[in-house]
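Have a look at the structure below, then the notes.
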Amino acid sequence: MDVNELSLSLQKFGLLDKIVFAAMLCSCSLVGLYFGIKDFRKKKSIKTDHDTLNFLMGGRKMKVFPVAMSLIASLVSGVLLLGASTEIYLYGTQYIYILIAIVISSAALHFVMIPMFHKLQIISVYEYLQMRFDRKVRLFGSIMYIISTVLWLPIMLYVPALAFNQMTGISIHKITPLVVAICIFYTCLGGLKAVVWTDVVQITIMYGTLLLIAIKGTMNVGGISEVFEKNIESGRFEAPDMRLDPTIRHTFLTLVIGGSILYTAHNALNQNMIQRYLSLKSVKAARTSNMIYVIGMIIIIILCCYNGLLLYATYSECDPLQTKLAKAKDQMLPLLVMQTFKDIPGLSGVFIAGIFSAALSSISTGLNSSACVVLEDFFKPFRKEKMSERMCTVVTRGTVIILGSIAIALVYIVQHMGTILQLTLSVPTACFGPLFGVYIIGFFLPWINKRATLIGSIVGFITMMFFVLKVQAEMALGYLKFTTKPMSVEHCEYNFTAPSLTISSLVEEKQVTVPSIYQISYLYYTLIGTVLVILVAFLLSFPLGFEDVNKIDQRLLAPFVRRKIQKSNPNPDIFMTSK
């Protein structure tokens, strides 16, 4: 049997698999329908005019556990489920140290962002920027978020479509409109409540999927000892790499330092996440939800990494990437599922449901949060009259539909770019890095003024956008490559055509040298953007003038900065705003 015949024989997506997949999609739609009808009846019976607050914030009465599950589901997505496993298979276990970064970023959220934003009672996290600086800086932050979301959504959409294509042979461009249509339906109908409760269903499916793969896959290769033994022999188990070279893709310091900044920017100052914390009643509830989120993330990343070890234990003697049984790196886990569950009807459907659940949760989160930002930051501040509930409804639902449609179109571009895990963490960083720099100035550097901050943030964004797109272009052209762990095709039981290198291709590869600056680890991109904004803003403060810290509302500063200013200033009347 040759590789093409084997690939076709593995594409067994039977009736029971289709039923399981359809049941997941229907459950999401029904949750949206339930909350849509419930809110409509409530509005009709008590004549409430807070439909927008319910749609965007769940009336600020959400429960701790479902919000925590929603936070996990929103961050996980299909990118992590497929990308992290592939990461371990190709590059080894160094990536596992990203768990330290997640804990550090959650600590920053716990002690600084959650109490500050809750006390301000804002809806959009970018309202803070107007309070601390002015409307222009707020608009910059909102634009950065929308751009990053537009870049991020098609990646979230492409991942499950890729898995679906691997298992069924159906084109990714046929399934992506269906996924987005489901997201738009329940997000428009039920708002944040529907998004959160569908996330609960979806994260449950995700955990179940990962556990099934780990248990059945381990049994197939001969037990846990066999999994660990093969990975140890191949050098995939790694102690912390303490090298300081920033061009090494993953080192311990890269993952901890760069990862901490990246996750803090993505989670602690991202509307997707903060909107959920602000939907809870109190700071205590939000902090509890944050702790549950950390525990859940640790569990799911460990499961993903173990499945990466399982991938190598299964394919240690016949690498599907070299034989082209898997046509893309992120089709490795779907291939494992196809071979592991080929004789058990329905389980392939569970896997696809899990991957699509991850995508649906991330996409619906992005759509709902974008609707919030568009309404609160692009419409309300520029209207002299208060917007009616009907107009707010048109804006929020319209935003969901428009952004969903754009995501479908951009999938065509995403499929020609680099490795999915790196792509999703690097491209939106062009926006998150500079934006994080603005918040750092707002929280910790009160003497830098608004004009210097705005100019610094624009310079940072333009520079980082050029930098990130240049790196992605180098990767797409094949000039920027990363060394993988050893893999073999010596014991394949099917026929395939071995890849060959021509003399011309070897000469061409030798002639192309990528500058060292473009080889810097993608985990440092957020840090670079942040430092660039702070440095430019600080230098500009000399010609533009420094801010009088005593004129700043003390509630807008980090707690220890506030205490330091209060301690150094003998006039207590200045700090009345902080109470």
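A Cβ is built for glycine as well, from the same backbone N, Cα and C atoms used for every other residue.
As annotated by TrEMBL, transmembrane segment applies to 20-37 (among others).
Sequence-remote contacts of a segment are chain residues at least 6 beyond its ends whose Cβ falls under 8 Å from one of its Cβ atoms, and for the transmembrane segment (64-83) they are 155-156, 159-160, 162-163, 195-197, 199-200, 202-204, 206, 209-210, 266-267, 272-273, 276-277, 279-280, 285, 288-290, 292-293, 296-297, 300-301, 304, 330, 332-334, 354-359, 361-362, 365, 419-421, 424. Here TrEMBL flags 64-83 (among others) as transmembrane segment.
According to TrEMBL, the transmembrane segment annotation covers 95-118 (among others).
Among the features that TrEMBL reports, transmembrane segment is placed at 139-163 (among others). Beyond the transmembrane segment (139-163), the same-chain residues lying 6 or more positions past its ends with a Cβ under 8 Å from any Cβ of the stretch are 77-79, 81-83, 124, 126, 129, 172-173, 175-176, 179-180, 270-271, 328, 330-331, 333-334, 351-352, 355-356, 358-359, 362-363, 366-367, 369-370, 373-374, 377-378, 403-404, 406-411, 413-415, 420, 423-424, 427-428, 430-432, 434-435, 438, 454, 457-458, 461.
Using a Cβ-Cβ cut-off under 8 Å and counting only residues 6 or more beyond its ends in the same chain, the transmembrane segment (175-196) has close neighbours at 25, 28-29, 31-36, 39, 54-58, 62, 66-67, 69-70, 157-158, 160-161, 164-165, 275-276, 279, 356, 359-361, 363-365, 367-368, 397, 400-401, 404-405, 407-408, 411. According to TrEMBL, the feature transmembrane segment maps to 175-196 (among others).
Annotation source TrEMBL lists transmembrane segment at 208-228 (among others). Away from its own ends, the transmembrane segment (208-228) comes close to residues 81, 237, 300, 303-304, 306-307, 309-310, 313-314, 333, 336-337, 340-341, 344, 347, 350-351, 353-355 of its chain (Cβ-Cβ under 8 Å, at least six residues beyond either end).
As annotated by TrEMBL, transmembrane segment applies to 290-315 (among others).
Taken from TrEMBL, the feature transmembrane segment covers 350-374 (among others).
If you look up TrEMBL, you'll see 394-414 (among others) marked as transmembrane segment.
The transmembrane segment feature in TrEMBL is assigned to 420-445 (among others).
Per TrEMBL, transmembrane segment is recorded for 452-469 (among others).
Annotation source TrEMBL lists transmembrane segment at 522-546 (among others).
Sequence-remote contacts of a segment are chain residues at least 6 beyond its ends whose Cβ falls under 8 Å from one of its Cβ atoms, and for the transmembrane segment (95-118) they are 84, 87-88, 125, 128, 240, 250, 252, 255-256, 258-260, 262-264, 267-269, 274, 277-278, 282-283, 286-287, 290-291, 293-294, 297-298, 301-302, 305, 443, 555-556, 558-559. Tertiary proximity for the transmembrane segment (350-374) is limited to same-chain residues at least six positions away from its ends with a CB under 8 Å from its CB atoms, namely 13, 17, 20-21, 23-25, 28, 55-56, 70, 73-82, 123-124, 126, 142, 145-146, 149, 152-153, 156-157, 159-160, 163-164, 167, 179-180, 182-184, 186-187, 191-192, 194-195, 198-199, 201-203, 205-206, 208-210, 212-213, 271-272, 275, 334, 337, 341, 395-397, 399-400, 403-404, 407.
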